[in-house]
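Under the heading substrate binding site, TrEMBL lists R359. The domain 'Aminotransferase class V' annotation in TrEMBL covers 44-359. Marked as N6-(pyridoxal phosphate)lysine by TrEMBL: K207.
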Amino acid sequence: MSSITVQPPKCLQKTFVAPRRHMFGPGPSNVPPRILAAGAEPIIGHMHPEMLEIMSDIKSGIQYAFQTQNNMTIAVSGTGHTAMECAIFNAVEPGEGVLTAVNGIWGERAAEMAERIGARVNSIVTTAGGYFTSEEIDRALAKHKPVLFFLTHGESSTGVVHPLDGIGDICHKHNCLFLVDCVASMGGAPLHMDKQGIDILYSGSQKVLNAPPGTAPISFSERACQKVFNRKTKPVSFFLDMTWLANYWGCDGKPARIYHHTAPVSAFYSLRESLAILAEQGLENSWRRHKEVAEYFHEGLENMGLKLFVKDKNARLPTVTTIVAPPGYDWKEITSYIMKNHNLEISGGLGPSVGQVLRVGLMGGNSSKASVDMVLEALRDALRYCHKSKV
């Protein structure tokens with residue numbers, strides 16, 4: 001008599017084939033064949049010499065993408081949320097102060113993560129689609145005296161690219177580390193970690209890099225390392241403890257690397273290839289292309305009579321565009337219609353922008369005028385056929 005009580009699921013006896021779609025939401029973006037092929041290479045051990053060489057290549061690629069010479073530069077095994085927690089969990093101890101800038105969902109998330117580890121959290125808040133002046137940040141730092149200030153460079157929930165120049169100097173004047181989220185902006189908008197005085201910077205693999213989700217670049221300045229590696233308490237997460245991760249990535253100067261976790265080997269292959277493509281294209285060329293394509297898209301939207309959510313043209317994120325939800329329409333019906341009839345993903349709002357906007361992401365290889373034309377035609381079609389109320 002069989003000891004098996006749970007039978008093989010019938011659903012797994014069918015072959016799964018992923019649908020091919022135009023991934024024009026805020027992420028993930030389409031993965032080009034070259035990166036897919038890299039991820040399909042044979043598995044090797046996560047401590048093999050070849051793997052360590054790949055990790056070294058990834059480190060160099062991140063340093064280029066971030067424009068930093070920081071030695072403490074790695075890719076965390078996980079999505080951008082993992083890197084956000086890695087930054088906060090390592091840089092902040094219980095009872096210390098954290099200030100978050102909230103102009104969308106990511107400042108809210110950072111605040112919650114800091115609260116969960118016992119930090120004293122304060123926030124400065126502005127309306128969705130807005131950003132903070134240097135004077136506002138300076139006053140808040142003087143008032144709350146945090147050890148860490150969090151700011152989102154590319155706020156994908158609202159479509160804002162936040163000015164960074166001068167903020168690092170303000171933070172350092174107040175003896176505070178400057179932590180920046182560039183998940184939605186890296187490679188798509190100008191960013192200079194060292195020149196802009198950013199102490200901790202992190203991103204994700206699935207946006208402009210066009211790699212599968214699951215790896216997250218992060219870098220720590222020397223100032224940040226002094227704080228991280230002179231803690232009185234251990235970080236709450238073993239998995240994200242930079243003492244271990246620094247050794248695994250060969251950043252601590254020790255002769256031997258010690259096993260910490262089994263890295264996502266195939267994901268590292270893909271990340272290396274995506275960084276290689278960015279290096280081949282050139283960072284400034286990528287920034288320029290994303291800007292030109294975004295402006296072409298914005299002009300097309302306005303010609304259709306649609307309004308952009310971010311009023312300040314200089315504050316519009318080149319990678320993720322937020323469109324004011326057309327009055328009288330159900331935004332869910334629009335996105336569903338476009339998916340069904342055009343095989344194309346665009347999204348509604350997130351966090352404070354829910355119900356207010358449509359979000360379109362044109363990142364990496366998807367950032368082209370051909371992609372823009374495809375989205376504009378899909379929107380025209382949806383507005384023609386979706387139900388519009390008389391109100």
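The backbone N, Cα and C atoms fix where each Cβ goes, glycine too.
A count of other CB atoms within 10 A of each Cβ picks out K207 as the most crowded of the recorded positions K207, R359. Rounded to a whole value, the Cα-Cα separation of the residue listed as 'N6-(pyridoxal phosphate)lysine' and R359 (substrate binding site) is 14 Å. The predicted model assigns the domain 'Aminotransferase class V' (44-359) a mean pLDDT of 97.
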